[in-house]
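As recorded in Swiss-Prot, the features of this protein are as follows:
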- Arg49, Gly50, Ala51, Arg89, Gln201, Asn252, Lys253: substrate binding site (BINDING)
- Cys162: site 'Transition state stabilizer' (SITE)
- Asp242: active site, proton donor (ACT_SITE)
Amino acid sequence: MQESGLKPILWKNKELILLDQRVLPGTTSYITAKTLEDCIFAIREMVVRGAPAIAITGAFGITLYWNSLVSKPSFSELKLKLSELLESRPTAVNLRLAIEEFSSRFPESNYSSFSLEEIQKGAEELALFMLSEDLENNLTLSKYALSLFPKQPSSLNIITHCNTGALATAGHGTALGVIRSLRDAGHSLTVFADETRPYLQGARLTAWELQEEKIQSFLITDNMAGWVMSSRKIDAVIVGADRIASNGDTANKIGTYPLAIVAKHHGVPFYVAATAKSMDFRIPNGSYIPIEMRKEEEITSFGFLKDSDGKPLLKEGVIAPKGMKALNPSFDVTPASLITGIITEKGIVSPVTEENLKKIFQSI
């Protein structure tokens, strides 16, 4: 099974180099993050996006913060910096877990016993481990996913939503990684990629990755999924996850929930592909997941997509009457009852229940 050659996150000469996903597919350019503040900006402004990639960027942001110091800050100062990082994108649990992992290695109870050099080294080791671990876990969950489909090469039609490929992870992908692995296993694929309004991750990023991989695909608007399922045989819907509650309720990019409802109506298997880092056993169900609300202009205009110099990528224009208010939740929650199975690096959870999730993740 081959990993994607695309590397959206690079650590080189003690600097973090990020593929600027705001300017894809028209331009391929990288930005260099030299400070924690640079990483927070990159996360908040979606230079980098996707729960795993956000967490990895955050871990390197912590490394950059420590590397910038000549003396240790007070623990209260450190907590403030970590809090600022956590607030950059609140819905995905992966970033919080990365911060908690760092904090567990250098806890307040014996913070004074660690030297500046020890923390600098430990922070970098953690970030590098997260980078390699995510890639390995993505490849492993993709192997498990193959068991859900015919062993013999077949023609498969799959719908996916948002972007869950190399761009959203350390380099292979979750849901899109599964699709890539199905292709590598000899299946003939046709992928229907939702454009994913309003930020167009499907149109700009998933479509680009599919073309790069030479996988036959069609871009569809989010509200075409029902027509596609009713007019041809769809073998599966495969999506990613930003946070999965104890009972299996799953937060993912806005538009996932109605896609699951339509899949249920048409009898199409609906799979979530995610690593253990997206599990949150501290919350009982999806109602406890905070939903990030983004800027109204992402709904009412085209000007929100900007290049690295802050210039609009598309011709500036308003698509709603002046003064029109808009709601812009970045995520919705799909109830576990609509999910056929959750594909993880530990195995496949099906049916999706709290008992089955805890059974497979008992080591967490």
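In case you wondered, yes, glycine gets a Cβ from its N, Cα and C as well.
Sequence features annotated in Swiss-Prot and their locations in the structure.
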{"residue": "Arg49", "record": "substrate binding site", "DSSP (3 states)": "coil"}
{"residue": "Arg89", "record": "substrate binding site", "DSSP (3 states)": "coil"}
{"residue": "Cys162", "record": "site 'Transition state stabilizer'", "DSSP (3 states)": "coil"}
{"residue": "Gln201", "record": "substrate binding site", "DSSP (3 states)": "helix"}
{"residue": "Asp242", "record": "active site, proton donor", "DSSP (3 states)": "coil"}
{"residue": "Asn252", "record": "substrate binding site", "DSSP (3 states)": "strand"}
Cα separation, the residue listed as 'active site, proton donor' to Arg49 (substrate binding site) (Å, whole number): 11
Nonlocal residues around Lys253 (substrate binding site), in sequence order (Cβ under 8 Å, 6 or more apart): His161, Cys162, Thr196, Gln201, Val239, Gly240, Asp242, Ser330, Phe331, Asp332
Cβ neighbours of Arg89 (substrate binding site) where a neighbour is any other Cβ within 10 Å: 24
Span of Arg49, Gly50, Ala51, Arg89, Gln201, Asn252, Lys253 around substrate - largest C-alpha separation, Å: 16
Any further residue of that chain within 8 Å (Cβ to the Cβ centroid of Arg49, Gly50, Ala51, Arg89, Gln201, Asn252, Lys253) of the recorded substrate site: Ile54, Ala92, Cys162, Asn163, Ala168, Gly240, Asp242, Ser330, Phe331
Sparsest-packed among the recorded positions, when each Cβ's other Cβ atoms within 10 Å are tallied, from Gly50, Cys162, Gln201: Gln201
CB within-chain contacts under 8 A for Ala51 (substrate binding site), separation at least 6: Ala92, Val93, Asn94, Leu95, Ala168, Gly240, Ala241, Asp242, Arg243, Lys277, Ser278
Chain-internal residues, separated by at least six, CB under 8 A from Asn252 (substrate binding site): His161, Cys162, Val239, Gly240, Ala241, Asp242, Val272, Phe331, Asp332, Thr334
Neighbour tally for the residue listed as 'active site, proton donor', based on other Cβ positions within 10 Å of its Cβ: 28
